[in-house]
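Undergrad: Heads up, here are the entries from Swiss-Prot:
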| type | residues | note |
| --- | --- | --- |
| BINDING | E101 | brevianamide F binding site |
| BINDING | R117, K204, Y206, K273, Y275, Y357, Y442, Y446 | dimethylallyl diphosphate binding site |
| SITE | G119 | site 'Required for regioselectivity' |
Amino acid sequence: MTIEATEGHVSKGMLAKGDSTSPIPTIFDVLSRDHVFVDSHQKVWWERTGQLLDKILASAGYNPARRLEALTFYIQVLIPFLGPHPHQFRSAITRSGLPLEFSVNYQQRGDIDPVVRIGFEPVAAASGTEIDPYNQIPVVDLLNQLEVLNIPAFDPSLFRYFLDAHTVNGHEKGLLKEKKIEGSELTSQSAFGFDLKEKAISVKGYTFPAIKCTLNEKGFGNFISESIQPLAAQMGPIPSFDMVHSYLEGTNGYSQFAFWSFDCVDPAQSRLKLYSSHNSVVWSKVEEIWTLGGRAKSPVVQEGLVYLKELWELTKLSEGHREFNGGFDDGKDATATPMVWNYEMKIGEAFPLTKFYFPIHGESDQNVIGGLAQFLSRIGLSKYGDNYEATVRHYLYDFSTSPVPCKNDSIANFDSPERDLSKTARLTSWISFAYTEKTGVYLSVYYHSSDEYPWLELEEIN
């Protein structure tokens, strides 16, 4: 991934024409100067996250016009839905509880530029309180706002349907006041994904039905099956779900933290994804998951498995059992990270597509980033792999040199020294890996997405 010496990446010696002291302003700088923030919380969220997003966009090859478009969407549409700062409600979409996560997707074939994505759970001041204990109000509010933005091909109908089918209702929230459910500290019920593609933003929805399943004493697989049956007339048959359900039922593969995803497009065109997790982080389990216990045997599946094992070895992932019980790892609470995967299902297709998520949160960033750099170069993406380590260091400056902020001040200090990756283990969060004949390797890297790094003292001790 090449660091551009353009508006997004200005060296200290690169100065504006006719000015011997002022650096060229970035897209982030321009928006920071011109935007009127409703309150100090929004301003701090922008300062702590916006410049990182600008850097990621630039390094992924987004030209200034595309970066301006993406950052304008972020500052105008998403920033108002991040709620109070510092965040009080802990979101299930990240290990730290942060309600957003930036990632970059790479595709081996097709000469496709990287795509920057944002995982996002909208939050408000009432999130997690008695007013909105399961953070459901901001999700509907953001969905309503997206509907009036005229995003090409955006269709909220599946999101609204699954919100009703998969998330706790008023009666169930009353029962939850009286009945403690294991894992219920993960109270998130739904979230969004935004792919910042060249021609339009692509929107995905996520639901987290685990609490509703457990409360109603239903198995996750049967619960999902019942929820998609009413859609059959509108969407068509989904035979791949039967294969997925058979494998997961036979191997006790439905985790209590399983969740669901879909594209916010015409339901007949949407992909459906079933996510699960496992605490046994060993290659033999990965191979079983990838092939659905031997049910998927095509040459393409086997080719993908070879690449998957190569990346597994290059990242030097620690193998063994990880005691994940649904908690967070945010500098206060510490829990290990499990393996996660999803099965992508399309209307009328007999076989699902497996996507595996490497549990790299808590692993050496140096090993992970070094392994990723080698892998990108080996699969023909050397224009990103050759400079990947330098690019990530540029994203994530040395947190230990950041000044302690006053109330409502930004702590961002992007001129501070680059972070020593050999001493960190949580700058990178996940690597997702899929493989198809059309795309070849389809890989995404997820990053801790704020200049606040809550694990600094923990990692200095270790």
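Just so it is clear, glycine is given a Cβ too, placed from its N, Cα and C backbone atoms.
Each of the listed features needs to be described in terms of its position in the shown structure.
TA: A C-beta separation below 8 Å, combined with a sequence spacing of at least six in one chain, links E101 (brevianamide F binding site) to I93, T94, I118, G119, F120, S429, Y446, Y447, H448, S449. DSSP assigns E101 (brevianamide F binding site) to a strand.
Every protein chain shown contributes to the tally, and the Cβ of K204 (dimethylallyl diphosphate binding site) ends up with 21 other Cβ atoms within 10 Å.
Within 10 Å of the C-beta of G119 (site 'Required for regioselectivity') we count 23 further C-beta atoms, all protein chains included.
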